[in-house]
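Here is what TrEMBL records for this protein:
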- 81-121: repeat 'WD' (REPEAT)
- 128-160: repeat 'WD' (REPEAT)
- 173-207: repeat 'WD' (REPEAT)
- 259-300: repeat 'WD' (REPEAT)
- 399-430: repeat 'WD' (REPEAT)
- 554-588: repeat 'WD' (REPEAT)
- 636-677: repeat 'WD' (REPEAT)
Amino acid sequence: MENLIELSEIEPNYQKQKTNLPTCNNPLHVLGVQKQTPIAWEVNGNCFAFVTGNFSIYLIGREEKRKNKKLKIRFPLIATLRGHQKPIRALLFHPTKPLLVSAGEEGIFIWDLDDLELVGSLCKTTSNNSHNGKVQCLEWLLDGKYLISGSADRKLKVWDFVSENSFDCLTTIDAHKTEILVLSFCRQNSILASSGIDSVIKLWDLNLFLTELKKNENNNKNQNQNKTKNKSINISLINQTDQGQDQDLLLTFRQLEILEGHKGDITSLTWSSDGKTLWSGARDNQVIKWDIENRQSVEHLRNHKGDLKKIVMIGKDGRKLITASAYGYVKIWDVNDVQLPNSDSKEEAKSDENDQQLEYSYQIDNNELKEMLYGKSVVAKTSKQTSPTNRAFSLITNTYAHEEGLFAMENCPTLPLFATSSRNNSVKIWLVTKVLEITLLHEFVGHSDIINSVLLNEDEDTGINEKANKSAIFTCSADYSVHKYNARTMKREFTIDTGSSVNCMSVNAMANLIIVGGKNYILHGIALEQNSFILGKEKSSQGNLLIGREIVRFVGHCGQINDLQISPSQNMVVSTGNDFQIRTWPLKKQYRPKILSYHGFESNRQIDTLVESIEQFKLTKDQYLLPEIVKTKNRYSKHQGNVTRVVFHKRGTFLVSTGTDHKINIWKVKENSAKLIHMAKLDEAHSGVITGACWCSKVKKEILFATSSWDRTIKLWNYNKRKKKVTLEKTLNFHLDKVNDIDSTKDYRFLLSCSSDLTVRCFELNKPYNCIAVYNVKQFGYISSISAGSSLFVTGSQTGMVRIWPLFVDKFKEKFKNAIGKFELYASESQLNKSKKVNKDNN
């Protein structure tokens, strides 16, 4: 509050224009995944859910389309549920109603999927019977009539979902000595299995309890009691107070057995279809098969290297088992009906790694996919598999699903699909083929470190809509990666691991080449499309090897690269770095990288370099792509500090550069020769490091451009071409902390700024340059970079989250608070200013 008072004394304009501005608090979409997100499938398999980086819940649909007689499966975003402010630990779709239940540190939330609204919350602030710890697991009873939840407070609770939107707590059981991690209910025998950190499995007989629930439900219907009496089913059987509850629980939740055998936290429980067998997985890296009738373990599987996260039974015969471990592997097993003579013997613990950890490179074709989805008869491809006769488990497939480790896995109830989430920021959807191979279909991935640059590359004709095929979002991060996302489906279509922190990037007009730069002093030119840079006979033989690989390398900088841009005419590249210099290179339309054989290298030093490149760009083991090397054409040293930004004008005739020396330089561009001619400079343009720059008007007598700085200001400047002079147009004092980046829309209608004060501000680029809208980030790190489109803009954050926001335009005005009357006023004022401007120009 002291900073606010101090600021109001110095900058009255801030307080004057701050109040009652149209405000947007929620982005349209988020490109990012909550670390360790839960996942869930709808009963019919047409939708699944996961949690984004800002704790929203994404509902992802499934679409099947035929194009040229080929079947394609898409997973578009269909809805977003917002309400959680803390991490979510469990998701569960209702089996018969359009409801989704989410649970975590705040309690349990119930969502109506028809209206996309929160219809119930079982939290400390809304329910006296809520859990006292984070809720970690959920399970349905009686086809969704009742919900049972397990929590870190060691208790189980049963909730009523029969009464309309009441969601009353029916009973509470002190179930375990430590946190409860997983629940699994078997309909065939009405037994509930629960387990957690105490390394034991408890079996609960719910026959009596469920019988009493049904009786009470029928009595309530027949007697037509009032709502208060309808909510109480436990007058004679269940005492809801914590004291004196044990006797009643013995009559209802009868504990059958405690199964002991694991030596770590139990994280997965799965029943067989007949209810005679229970499978458990734990953090002791083993799977145990339990005979429920005899209450004992009959088989052990010790083959995974990490905690067992999920076990799923597949196949009509129930003999196929999918296991997923925290180490990142997903494995499919053939379960033989052979009981091991001694499940605790050392021989069983030893497994043949060469025999049981096979890697596969199987690719499914469209005919096989049709068969999996529609049951059509085609000849299936053969695959390698092991069939040891002396083991109860035979490994069929071993897939490395997540390099950063696996957190959760859930299978689709109706199709041979399953989804996995990682311990970091990714969700993947997989297909299990008829020959039990696992193929990646789709993935949602976020960054794990600060995003240094974002780029919204819209289709020039259509923008971002259903017909836009070239619309994409590019991001680069300190986590060494560059991602390309489909701007409509949010799918990550492309990724590059550069091996070092990436600070900047630029994509050419054809969207077939991306150039990235960072801490390794080199600009890497990487192909985004096949056959784009290969000519003649080499086209068919080498084109397919190019996509995602470095084809050209620009060298010359002596420090890390801070910014780079491809000129609008695609003839040159300009970059800046910590060597205080601006460098330029000519850009060709085609490059000819060489593909060399690994065995062609003789010296050990060359072989070592080659192996690093193979790991970096994931080439085949016997091939190496040697990029074309391009040296600096020209270099310029007009700055006395690190150069932070270089920005071409849309016309390509001028360029502005900024630096840590607080200076601004204006350059005239000679693209054909890749040269820059210095035109004007301005010393001490800001009192802090200049972080961003952008052009704000067309080329005319005076050109408007803007800069941002750590001094918390945005300044608008006029460059006079004739006088070769830069003059200050206006200073915008609106942010409470340093301004990290700015950008203008392509039509020069809006200026956008992002700041460490967790806000984004939108200004109109007509006098008097008013702030017309505010975007609140609230949490999850400050906004580090921004890129504007025609009706949307994209931001990258300190935490690796990418957000897509609406501009303050007519079709998105309902997304803003305090926008009633403001939009019409802004539109009329803007039109008036345009009319005055036209009249002035005509005169």
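For all residues, glycine too, the Cβ spot is worked out from N, Cα and C.
Broken down with DSSP, the repeat 'WD' (259-300) shows 0 helix, 24 strand, 18 coil. The repeat 'WD' (128-160) makes no contact with the repeat 'WD' (399-430), as judged by fewer than three Cβ pairs under 8 Å among residues 6 or more apart in sequence.
Confidence across the repeat 'WD' (173-207), taken as the mean pLDDT and rounded to a whole number, stands at 93.
Beyond the ends of the repeat 'WD' (636-677), by six or more residues, the same chain brings 559, 562-565, 567-569, 571-572, 574-578, 580-586, 683-695, 698-699, 703, 705, 707, 709, 717, 719, 724, 726, 746 to within a C-beta distance below 8 angstroms of the stretch. Long-range neighbours of the repeat 'WD' (81-121) within the same chain, counting only residues 6 or more positions beyond its ends whose Cβ lies under 8 Å from a Cβ of the stretch, are 26, 34-43, 47, 49-51, 55-57, 59, 127, 130-131, 134-140, 143-144, 147, 149, 159, 161, 165, 167, 779. As a summary of secondary structure, the repeat 'WD' (128-160) carries 0 helix, 19 strand, 14 coil according to DSSP.
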